Amino acid sequence: MKIYLVGGAVRDALLGLPVKDKDWVVVGATPQEMLDAGYQQVGRDFPVFLHPQTHEEYALARTERKSGSGYTGFTCYAAPDVTLEADLQRRDLTINALARDDDGQIIDPYHGRRDLEARLLRHVSPAFGEDPLRVLRVARFAARYAHLSFRIADETLTLMREMTAAGELEHLTPERVWKETENALTTRNPQVYFQVLRDCGALRVLFPEIDALFGVPAPAKWHPEIDTGVHTLMTLSMAAMLSPQLDVRFATLCHDVGKGLTPKNLWPRHHGHGPVGVKLVEQLCQRLRVPNDLRDLAKLVAAYHDLIHTFPILQPKTIVKLFDAIDAWRKPQRVEQIALTSEADVRGRTGFEASDYPQGRWLREAWQVAQAVPTKEVVEAGFKGIEIREELTKRRIAAVANWKEKRCPNPAS
């Protein structure tokens, strides 16, 4: 029995990055030998075991053979005669097909170290094309390592395009698509994930609402980048700089989806793209089974981001109505989230990356003023039932009006 550290732990150690999870491959052992050694079996489809002390995963060396469609259509063979090289060959990328033995020696049969040094994401073998999930995984790795200047090998991108054209991605379940997307959105450069999907044709299949934005013009005065799809990815990039929150990043991605369905004869203007966008966000989230809290914020951002940009001319009554609409009284975090997405929208434009966004500050300040109005005083004043809500709203509007006059006067007055 020989045990090797494999995959991401070896890759990240060679890159000088923190190693989070360790995966191990066991060569020359049977399931019974693993159980006798105190390991606990957890894999149903193939033999994976948990170490009795560290609880890290130890998998018996195995090979995989395509036996059906999609990413689940594989037959696994695990036995003591499966070599380490054979196990590594079934992996997606050469940089993930690395192993390290007890002496610290690197086993690299598919030239993963060479590709690490060249900053290349290259598939190990033609078997890559048998698993459509790998298209998303490569896009995610491209996003994860974009700051290290990694790029996808030409032949790998070609294979990804062929897989997409062959309809392989249609076999992916919504849950798997969302899981990869969720992980990609938390990387330093989430926009790269969507750009790679676009480059290989997968964006049109998996995110048609986003893909439809490319080629849609916007007024050059406000959007020097002109293309709404380009702006969307620039905005997502800015959101990633402003916030680590998945909610904020996803909502930013979806903020302009309505522009893909506005009347073409009115382009480059997109009147009413907010309400249209809300419906498309609902459609996208339902299809991919996006969690409700992410969906709800994305719908609010699609509906109200343009309103935030006009904050200096908003009436106090409109501002308080906005807080009602986003349910800020029960979910105060939404004020900050919407401020960040709106800022990302403004700064995610060519030449505006370093712009100040005072509207975000004013939104936060107005919220502090409105929510500081005490409900207790309204109740003590004798108001009852629905009167409490009406009086509270009236007092909040008055408080915001007083603040706005001093802090954020209407430019027209």
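Glycine residues also receive a Cβ, built from the backbone N, Cα and C atoms like all the rest.
For Gly8, Arg11, Arg91, Arg137, Arg140, the entry in Swiss-Prot reads ATP binding site, with the evidence type sequence analysis. In the three-state DSSP scheme, Arg91 (ATP binding site) is classed as coil.
Here Swiss-Prot flags Gly8, Arg11, Arg91, Arg137, Arg140 as CTP binding site, drawing on sequence analysis. Around Arg137 (ATP binding site), the same-chain residues at least 6 positions away in sequence with a Cβ under 8 Å from its Cβ are Asp92, Glu180.
Under 8 Å, Cβ to Cβ, and six or more positions away along its own chain, Asp21 (Mg(2+) binding site) finds Gly8, Ala9, Glu56. Summarising the annotation, Swiss-Prot assigns Mg(2+) binding site to Asp21, Asp23 and lists sequence analysis as the type of evidence.
The domain 'HD' feature in Swiss-Prot is assigned to 228-329; the stated evidence is sequence analysis.
Same-chain residues that are not part of Gly8, Arg11, Arg91, Arg137, Arg140 yet have a Cβ within 8 Å of the Cβ center of the CTP site turn out to be Gly7, Asp92, Leu93, Ile95, Asn96, Phe141. Put simply, Asp23 (Mg(2+) binding site) is 12 Å from Arg11 (ATP binding site) when counted between their Cα atoms. Helix, strand and coil residue tallies for the domain 'HD' (228-329), in that order: 79 helix, 0 strand, 23 coil [DSSP].
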